[in-house]
Amino acid sequence: CTFGRMEWFKFPFYVGAQLLGAFVGAAAVFGIYYDGLMAFADGKLLITGENGTAFIFATYPKPFVSVPGAFVDQVVSTMFLLLIVFAIFDSRNLGVPRGLEPIVIGLLIIVISCSLGLNSGCAMNPARDLSPRLFTALAGWGFEVFTFGNNFWWIPVVGPMIGAVLGGLIYVLFIQM
């Protein structure tokens, strides 16, 4: 929307659909693996420790990562994602063969996650973290999922929004123009 590639009136529908989809997806994973989750930690839903399972649903920072470090991590990973997505869909590039864009973007997400996911899980999309985190809070992990890691929860929400604008801006200013 910021760069005119989608109309602003569609924005709340896309955001709502992504938030709802991520929440339902987290609920589905929880339902499918409920018995395994219960067996793994003797019926306890733990956020951290050897038997912690909350990280399956949302991103959490490693103990060695500072709040500023985690924030930069989220901004940079999303910036790279959008920079390359803009390149994929720019009609002036050779681009990806039509119809293969989802596969290429999926591979891109794997590459970014493998290279930048160590510090805090590489959310790259606020819905990918916020909705599953809310689900885990309601499903039994408790609202500590929002306070854990120096109140880390806001970083994978705000960081990707800033990173997306930066990635798009870098593409438009330095490549598209």
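For all residues, glycine too, the Cβ spot is worked out from N, Cα and C.
Those TrEMBL annotations? Automatic predictions, nothing curated.
Predicted, not measured: the structure shown is a model, and the values here were computed from it.
Pulled from TrEMBL:
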- 12-34: transmembrane segment (TRANSMEM)
- 70-88: transmembrane segment (TRANSMEM)
- 100-118: transmembrane segment (TRANSMEM)
- 152-174: transmembrane segment (TRANSMEM)
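A contact between the transmembrane segment (70-88) and the transmembrane segment (100-118) is present, since 3 or more of their C-beta pairs, 6 or more residues apart, lie under 8 Å. Long-range contacts of the transmembrane segment (152-174) within the same chain, counting only residues at least 6 positions beyond its ends with a Cβ under 8 Å from a Cβ of the stretch, are 2-3, 58-61, 67, 70-83, 85-87, 90, 120-121, 123-126, 128-130, 133, 145-146.
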